[in-house]
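Enquirer: Below you'll find the structure I mean.
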Amino acid sequence: MLEAVTNPKSSLATFSKQLNGLLQAKVVVCKSVNPYFNLALENYLYENSTAKHCLLLYTNSPSVIIGRNQNPWVEANVKLCRDNFVNIIRRKSGGGTVFHDFGNLNYSVLMNREEFSHTENASIMIQALRNLGVHARLNQRHDIVLAQSQRKISGSAYKISRNRCYHHGTMLLNSDLEGVREYLRSPSTGILSKGVSSTRSPVSNTKLLKAEFIKQVISCFLLHKSHSTTTKPLSKPRASSKRLYDIEPKSVITLEQNDLLGVPSILKAVNELQSWEWTFGQTPSFKQHLESTELSVSMDISVVHGRLEKVIFSTPNATLEHELSSIPWTGLCYESGFANTFLISGIHSKEAISILKWISDSI
């Protein structure tokens, strides 16, 4: 494990040495469950790791992770996530939306660009599953599914740059599958988005213990990438075994979030991932049409960078339509309850107030 720096002057050389060890690591197991830190760590290794191949393993607290080019209001129930303190995070890679929780293990394989292969990286996970008695295979969408039921247990995505790439994914061990369904079911209607849409698939848990699966994944990875000549394939773990890894200790680095708090680029990445401008402001442009027969009104919204660009109302009442159109909508963040800003002003007609309440309930 890396040691946190308590005395910068006396520990700088030690910390630098430890950091270099991290960047040369073959396997990194992060004990943090902070999704912002874990994704920032992944990006840090992606940009700085000098290892030919590096495996990163981590678990996140309950979070909805959307792809780089996706619309959170289409992919998730944003209000429910916020009500239940479930993080919504836009990652750097493409692909679809996934739900993370404590029953889920996330993996990321970092490598040189020319060595990228969906099949090769998935085969490592499949072998680890088979070693534990779970029969799985790779389908045509490059998802790992249970061989018998064909239910998805692992989805993946990737990011490729000029020289490096990473292939990362999830593994459903004992996740809250009802949470997956609830948080990834958007209540929004009438949205026409330029963003990438997720493909929904039936999912299932492997019901494996996390420690046992981690152990198998590391062993299979090291063998497959020829990092270790002394590591042997692991048999099914004994229930009495208390050791996490039966491999060379120098092959694996474990770390906590506090170990890297002094790395500026990681802190910067965490702040970016937490920002509204990144999570929602990076949403591809979209339009939404809403209408209420009860109130005899329709509303067309254009949203750019997560903010209202144009709002057009249509209602038989010309005076009401003018009143609604006169409200300064442009530039407001597209958020649940954005119309409440004007409800509290107390200067609108009764009809306009009813419509503003309808808008708040509809977004």
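In case you wondered, yes, glycine gets a Cβ from its N, Cα and C as well.
Summarising the annotation, Swiss-Prot assigns domain 'BPL/LPL catalytic' to 49-229 and lists sequence analysis as the type of evidence. Here Swiss-Prot flags Arg91, Gly96, Thr97, Val98, Phe99, Lys152 as ATP binding site, drawing on similarity to another entry. The feature (R)-lipoate binding site is assigned by Swiss-Prot to Lys152.
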Enquirer: What whole-number value in Å do you get for the largest C-alpha pair distance within Arg91, Gly96, Thr97, Val98, Phe99, Lys152, the residues recorded as binding ATP?
Expert: 21
Enquirer: Mind looking up the mean pLDDT for the domain 'BPL/LPL catalytic' (49-229) in the predicted model?
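Expert: Taking every residue of the domain 'BPL/LPL catalytic' (49-229) together, the mean pLDDT is 94.
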Enquirer: In terms of DSSP three-state secondary structure, what is the assignment for Phe99 (ATP binding site)?
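Expert: Note: Phe99 (ATP binding site) is in a strand by DSSP.
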Enquirer: If you draw a 10 Å sphere on the Cβ of Gly96 (ATP binding site), how many other Cβ atoms land inside?
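Expert: If we count other Cβ atoms within 10 Å of Gly96 (ATP binding site), we arrive at 18.
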Enquirer: Tell me which residues of the chain lie with their Cβ under 8 angstroms from that of Phe99 (ATP binding site), as long as they are six or more apart in sequence?
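Expert: Non-local contacts for Phe99 (ATP binding site): Pro62, Ser63, Val64, Ile65, Ser175, Gly179, Val180, Tyr183, Leu184.
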Enquirer: Neighbour count, 10 Å Cβ-Cβ cut-off, for Arg91 (ATP binding site): what number do you get?
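Expert: Step by step: centre on the Cβ of Arg91 (ATP binding site), count other Cβ atoms within 10 Å, giving 21.
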